[in-house]
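Remarks on the structure that follows.
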Amino acid sequence: MTTSTTGGPPAADLDERRAGTSTSRFVAGKVGGALASLVFVVVLGFLLFRMIPGDPVATMTRDRPTSPEQLARLRERLGVDEPLWRQFLDYALGLLRGDLGTSYLYNRPVATMIGERLWPTILLVGTATVLAVALGMWLGVRAAWKRDSTFDRVHTGVALTLWSVPQFWLGLLLLIATQGLFPSRGMRSPDLPEGFLAETLDVAWHLTLPCLTLLAVIYAQYMLVMRSSLLEEMGSEYLTTARAKGLRDDLVRRRHAVPNALLPAVTLVFLQFGMVVSGTVTVEAVFSWPGLGLLTYDALRGPDLPLLQGVFVVLAGSVIVMNLLAELLYRVLDPRVRAA
Amino acid sequence: MTSPAWQRRRTAARDLWREFRTNRGGLVGLCVLAAIVVLAVLAPLITDESGLDVISATGTPLQPPSGEYWLGTDVDGRSVLLLTFWGARVSLLVGFAATVLSVFIGTLVGIVAAHFQGWPSAVLLRVTDFFLVLPSLVLAIALSSVLTKGVWTIVLAIGVTSWPSTARLVRAQTLTIESRPYIERAKALGGGHAHLIGKHVLPAVLPLVLANTTLVVGSSIIAESTLSFLGLGDPTSVSWGSMLQTALSSGAVTAGAWWYLLPPGLAIVVIVLSFTLVGRALETVLNPRLKAGR
């Protein structure tokens with residue numbers, strides 16, 4: 001990786017050049033690691049859905065009567081009678097072309113189905129994450145600043161309790177508690193009113209309950225991390241200095257303590273992505289939200305192995321990419337890591 | 001088996017208990033857990049198992065709580081109280097078994113990755129990081145959908161997907177222990193790998209593993225209920241997750257049958273919260289860094 005600095009001006013001083021080298025080496029290392037993980041995901045997808053079942057066709061048809069001709073056709077379409085290395089090659093080359101195979105239950109290309117379901121999931125996960133980060137950080141800062149106050153005790157307790165709640169149960173509770181106030185399934189009303197505003201409101205109305213459910217479980221993590229991160233800063237001497245300068249308590253918190261404590265929480269946004277994705281599977285199943293989670297849930301009924309395989313590779317792959325972003329972002333945000 | 005060492009360990013255990021007692025949350029959690037475990041173990045003696053049978057169910061379907069059925073009945077007319085009672089057995093069994101598997105793998109990988117230098121450790125670390133990042137539920141869903149349905153499939157699926165955090169913790173702890181002079185002394189005296197790990201590293205790492213274990217049980221129980229809720233559990237046994245699945249799929253939720261929904265969910269929350277409280281209390285006692293902050 002030493003070649004990356006050769007383009008730099010010769011006048012640049014030594015320190016700067018060394019920093020440049022280590023940055024590009026760091027980035028290359030992280031990207032290389034992520035690529036290796038992606039390859040591993042691809043191999044794992046093959047192992048899980050092709051090799052462990054032994055005979056995928058028998059697994060998929062175990063709960064339903066199937067005629068010999070249907071079985072033969074399915075075997076041929078999945079190519080299970082070919083040697084394993086050939087199957088793996090077909091699968092890996094297909095992935096490179098964006099071909100994830102054909103769904104067994106729906107008889108459609110898996111990639112197309114995932115593409116259709118991607119946006120609803122992004123909408124749900126995105127909204128819930130933004131709200132959870134805002135709420136969690138705000139509560140965490142308040143709780144840490146007034147440590148052991150009633151506010152702190154109550155909110156830490158609530159967060160810990162919500163942390164122990166299975167998401168789907170919370171969703172079911174919300175459904176039963178708001179009986180009929182909000183739609184219980186789907187993303188749009190069947191008799192859709194015309195116009196952009198009406199459509200947006202309709203989607204937002206459908207989004208409320210699933211989003212609340214997801215929010216309730218994930219904000220706790222942000223709050224607890226923000227709280228402990230700020231608590232670590234609380235004893236720092238620069239805060240005493242800031243107070244000695246005569247700054248108001250509010251300003252000491254906003255301008256000095258919080259920016260320093262913000263870092264772990266910010267990177268957590270990306271690191272927690274995997275957990276949020278797992279959460280959407282059950283939440284979408286409860287509310288029939290037409291995203292990737294519901295697609296997984298539906299695919300389980302078969303089990304539709306090509307569809308499950310596609311969803312697995314896409315979800316795992318996107319989590320790895322998000323994680324890579326988190327690690328790169330951490331370096332940009334924290335000068336201490338950059339210098340190290 | 002030198003007796004001074006054992007005496008020292010006994011004293012340490014007593015000190016641990018004394019400090020643990022001062023943590024009110026941990027103590028409450030421990031009492032609740034003990035009560036639940038005793039009740040779950042005694043379930044066949046206290047209650048009549050035949051009440052779980054769909055065919056011999058006596059009540060009318062979806063009956064609200066009454067004097068006869070304290071928590072109402074489910075879609076098949078079975079007592080929800082009885083179902084919740086028996087569900088505890090599956091949840092605890094899966095929770096504990098998956099935790100044993102997960103902590104075993106995690107401790108093994110963690111110690112090996114820290115103790116041995118060179119490429120085996122690098123590879124293990126890489127694999128650990130990979131599984132740490134991967135959403136474990138998605139992987140567990142994948143595993144349990146391709147294997148034959150059953151309690152042990154669930155145990156396997158949770159166990160082999162939840163070990164990375166334990167491995168990271170154990171690795172970090174092993175590294176700090178191994179940098180201490182007494183390890184160097186043991187090495188200089190000719191202690192082999194087995195001696196070092198068995199006599200010095202493992203005893204020092206185990207307390208933290210214990211605190212971590214209680215936290216893992218809680219998350220394993222949630223994972224079990226989630227997998228059962230998705231219909232991946234053992235179809236022949238009643239668990240809290242499968243009760244909730246039936247509640248949703250049979251339309252009991254839309255019908256407003258809250259008595260069917262509350263007991264299994266609350267049971268999960270209570271048991272997981274208890275494990276979390278105990279685990280956090282143990283962590284506070286065992287982790288000197290956290291203690292200093294108090």
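Every residue, even glycine, has its Cβ placed from backbone N, Cα and C.
Per TrEMBL, these features apply:
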type	residues	note
DOMAIN	A:118-326	domain 'ABC transmembrane type-1'
TRANSMEM	A:27-52	transmembrane segment
TRANSMEM	A:118-139	transmembrane segment
TRANSMEM	A:160-183	transmembrane segment
TRANSMEM	A:203-225	transmembrane segment
TRANSMEM	A:261-287	transmembrane segment
TRANSMEM	A:307-330	transmembrane segment
### Non-local residues, at least 6 beyond the ends, that sit with Cβ under 8 Å of the transmembrane segment (A:307-330)
27, 30-31, 33-34, 37-38, 41-42, 44-45, 48-50, 95, 100-101, 103-106, 110-111, 113-114, 263, 266-267, 269-271, 273-274, 277, 292, 295-296, 299-300, 337
### Summary
Within the same chain, the residues 6 or more beyond the ends of the transmembrane segment (A:27-52) and with Cβ under 8 Å of it are 1, 80, 84, 87-88, 91-92, 95, 305-306, 308-309, 312-313, 316-317, 320-321, 323-324, 327-328
### Message
Under 8 Å between C-beta atoms and at least six residues away from its ends: which parts of the chain pack against the transmembrane segment (A:160-183)?
### Response
189, 205-206, 208-210, 212-214, 216-217, 219-221, 224, 279, 282-283, 285-287
